[in-house]
Ligand SMILES: NC(=O)C1=CN([C@@H]2O[C@H](COP(=O)(O)OP(=O)(O)OC[C@H]3O[C@@H](n4cnc5c(N)ncnc54)[C@H](OP(=O)(O)O)[C@@H]3O)[C@@H](O)[C@H]2O)C=CC1
Ligand SMILES: O=C(O)C(=O)[C@@H](O)[C@H](O)C(=O)CO
């Protein structure tokens, strides 16, 4: 039995398409559990899923979707080109594998990490443009791109990515990169919005959650939405999946928003894009 999907706002992309602002993340969902977890998320009402070649769980996402009976046009599927596949022929092969796993169509395909310490980001972006022209890949974007990486694409005369998926949470607001994206008309997707669980130990967020009578998770996710970013929390727990969808019947005041942003202390939950070059 599938729950009615809540009214989730759409964010306009610079290629004329529109993406649901709230979805479901699948990092650290083990491949063996993914079909079950994504099935539970579909039942909770999620229709937008974020996966990646790096996560090794695209097959499970695809199986859950195929078994769900949810019409494909009601879904949004994002996946990401892995770090070891930036070179053209490897990228084309990896894209074919992702398409096969995900049922033949990708809504949004991202360059997962820039690897700018080794490669010219313009080269992988040219490959992404080719993929979009020649494959059932509707929109292309980037992830973990710095302002310098974005500038390199425009200097090379290439198209503007639709989105930049970057770390953003109360401890690492990432506002300089968000501003660079806004200047270029690039939508921001906020990864690890809950700082991979660190927000739950925060006394100030606990106090605010008691004040507004919402969970800490709901308060933080609402903060992300009111900042205008796209977000896809991960949970393997059906009750928490449902809770993370219930974000559209309350609002944070400007003062409450500012108090969350003031928690920024520069602590990342994940790697720094200027140095991360893992190639699995
Ligand atoms: N492009 C990139 O480089 C990256 C992209 N991402 C994307 O962003 C998504 C979200 O980020 P992610 O790193 O997964 O971390 P999140 O910030 O979404 O936090 C996930 C953690 O929070 C817990 N949690 C979730 N909801 C609740 C709740 N309501 N109450 C209590 N605990 C909760 C989960 O535990 P439990 O499962 O037990 O509920 C899990 O431990 C990823 O899944 C992935 O899709 C993430 C990192 C990097
Ligand atoms: O989740 C992702 O999309 C990531 O790229 C990160 O998890 C990254 O691979 C990492 O944190 C490795 O430790």
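Just so you know, glycine gets a Cβ as well, placed from its N, Cα and C.
Annotated features, as they stand in TrEMBL:
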type: ACT_SITE; residues: 55; note: active site, proton donor
type: BINDING; residues: 112; note: substrate binding site
type: DOMAIN; residues: 22-263; note: domain 'NADP-dependent oxidoreductase'
type: SITE; residues: 80; note: site 'Lowers pKa of active site Tyr'
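Feature map: annotations from TrEMBL on the structure.
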residue : record                               : DSSP class
55      : active site, proton donor            : helix
80      : site 'Lowers pKa of active site Tyr' : strand
112     : substrate binding site               : coil
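Here the recorded positions are 80, 112, and the one whose Cβ sees the fewest other Cβ atoms within 10 Å is 112. Within the same chain, residues at least six positions away from the residue listed as 'active site, proton donor' with a Cβ under 8 Å of its Cβ are 26, 27, 28, 29, 31. When the Cα atoms are compared, residue 112 (substrate binding site) and residue 80 (site 'Lowers pKa of active site Tyr') turn out to be 5 Å apart.
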